[in-house]
Amino acid sequence: MEHSSSLWPHRVLWFLLLATVGCFADLWSKHLVFSSDELFHGSEWWLIEGHVGIQKSLNEGALFGIGQGKVWIFGFFSVLAAIAIPVWLFHYRAAEDFWLTTALGAIMGGVLGNFYDRAGFSGLTWDMFDPRRHGETVYAVRDWILFQVSDQWVWPNFNIADALLVCGAIGLVLRSFYLAPDEPKA
């Protein structure tokens, strides 16, 4: 693990770059898909027939649709994560670890991208998704990536923010199995 103070500006920039580019890629891709008039809610557009495609979907819950309708709870945890991650990295000096900084930068990009949707900043209304809620602001995550192996194994729709969250979490798990020679074992 590097301990140089000259390392800090680079790690801050690396973290901000990952979080910003990740969030921007997520929001830009959602905007492209959800502003398309050619793709109606529920319809599919296959990139690889029957396996990888695009399908508009709104998720008022969390991973795999767990906790539907509890948007405010997930919004609260997003704000909490957006505060805790930089504190952990820069106050508690976790940013000394490049891989930890990378994983948390990806997670922050995902947190911010999905929070944007949960807070209703996307500007969508329920009109085309649920006519019974005509005119109401959508406080739900916009998912659009469709993936399935077969008709029997269909993965729930997701977005780039979700992929960043999962990749960052995998990075944290993998990092937890590795201790550099100069790190004390707990």
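Sequential numbering from 1, following the chain as shown.
Just so you know, glycine gets a Cβ as well, placed from its N, Cα and C.
Taken residue by residue with DSSP, ASP143 (active site) is part of a strand. All chains included, 22 other C-beta atoms sit within 10 angstroms of the C-beta of ASP143 (active site). Summarising the annotation, TrEMBL assigns active site to ASP143 (among others).
In the three-state DSSP classification, ASP162 (active site) falls within a helix. Feature annotation from TrEMBL assigns active site to ASP162 (among others).
As annotated by TrEMBL, transmembrane segment applies to 12-29 (among others). Counting only same-chain residues 6+ beyond the ends of the transmembrane segment (12-29), those with a CB under 8 A from a CB of the stretch are 86, 89-90, 95, 98, 101-102, 104-106, 108-110, 112-114, 116, 144, 159-161, 164.
Within its own chain, the transmembrane segment (71-91) is flanked in space by residues 8, 11-12, 15, 60-62, 100-101, 104, 107-108, 111-112, 114-115, 118-119, 139-140, which lie at least six positions past its ends and keep a Cβ under 8 Å from the stretch. If you look up TrEMBL, you'll see 71-91 (among others) marked as transmembrane segment.
Per TrEMBL, transmembrane segment is recorded for 98-116 (among others).
Under the heading transmembrane segment, TrEMBL lists 160-180 (among others). Below 8 angstroms of C-beta separation, residues 1, 22-23, 25-26, 29-30, 63, 97, 99-100, 102-107, 109-114, 141, 143, 145 of the same chain, each at least six residues beyond the ends of the transmembrane segment (160-180), sit close to that stretch.
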Are there residues at least six beyond either end of the transmembrane segment (98-116) with Cβ under 8 Å to its Cβ atoms? List them, or say none.
2, 11, 14-23, 25-27, 30, 74-75, 78-79, 81-82, 85-86, 88-89, 122, 141, 159-165, 167-169, 171-172, 174-175
Sorry to bug you, but what's the C-alpha spacing from ASP162 (active site) to ASP143 (active site), rounded to the closest Å?
9
Just how many other Cβ atoms lie inside 10 Å of the Cβ on ASP162 (active site)?
21
